[in-house]
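Taken straight from TrEMBL:
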TRANSMEM  29-51  transmembrane segment
DOMAIN    44-292  domain 'G-protein coupled receptors family 1 profile'
TRANSMEM  63-84  transmembrane segment
TRANSMEM  104-123  transmembrane segment
TRANSMEM  143-170  transmembrane segment
TRANSMEM  199-227  transmembrane segment
TRANSMEM  239-262  transmembrane segment
TRANSMEM  274-294  transmembrane segment
Amino acid sequence: MNYQEIGNYTKVTEFILVGLSRHPTSQSVVFWTLMFLYIVTLAGNSLIIFLVGGNSQLHTPMYFFLGNLSLLDLLFSTSVVPLIMVNSLYNFSTISYSSCFTQLAFRAFLALAECFLLAIMAYDRFVAISNPLRYNLVMSSRVCIFMALLAWMAALLLTVLPILIFPISFCGQNVVNHFSCEVQAIFKLLCSNTISLQIMMIACAVISMPVPLMFILFSYLCILKAVLRIHPTKARLKAFSTCASHLIVVTIYFGTLIYIYMRPQSKISHNGDKIVSIFYAAVTPMLNPLIYTLRNKDVKAVLRRVNCGVKS
């Protein structure tokens, strides 16, 4: 049984994940596609972490935060993609209530941490371009570690706070029209009073998405102002090129988040939501190391040196 009788209502003890149960011909295609994306994600992000940790040339604030970003992407993809792969092969698979909310909370924590980390990376680029002579003093190792810990702890607080303040309940409805325990799909099944929870979630969403995004935009306006003061065009392009990878990652990441979480929600789950969710969970973590590796001369130089060392 997937529910228990309590008083005059039922308490949900497990959820049924619809996934591709209504489209069985697509199941194997989704499985092998996700398998490829997950392998590339594991390889790319593990490589970034290895290169940053093992090469003194990359022991700088920018690469320290890049290593944190790769770790977040690796953990996020691992917490979501394998489960989606398994569920894509079965019709109406189930997941326990506790497992579902553990996964949901862990995903929310990692997503929020990445929002804050991307904002910190924008600040790092601002200091590097606008005040290069004091860069190593302002962004010392101690400051970098503190800022990274602040991002992780703020994300943890914003994840745990709504759960502790507003306990939620489900009354019999346990069919989730999704591959996994996606917050928007789960939220549609709530039978408890959701107004207070909605207010809390909106407040957390504003703190975790628009506020970091506005900070990033403000940082880049300041960077643009500083770059325009540089007179040689070649030096100006070189200064701004150091921000290109970060800008691409921010655009993809926040663009996807805003589409999923900031648009008006309905009580009906659509198949389009599943596709966007897969893109967010599987494609975005795969793209980040590719973007930084392909556009970064330092990373490519270290990668070539490691490759030459292996061959010799």
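Numbers run from 1 along the shown chain.
Note that Cβ sites are derived from N, Cα and C of the backbone, with glycine treated the same way.
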Self-check item: the transmembrane segment (29-51) in contact with the transmembrane segment (274-294), cutoff 8 A, at least 3 CB pairs, sep 6+
Solution: yes
Quiz item: Can you find at least 3 Cβ pairs under 8 Å between the transmembrane segment (274-294) and the transmembrane segment (63-84), where each pair is 6 or more residues apart in sequence?
Solution: yes
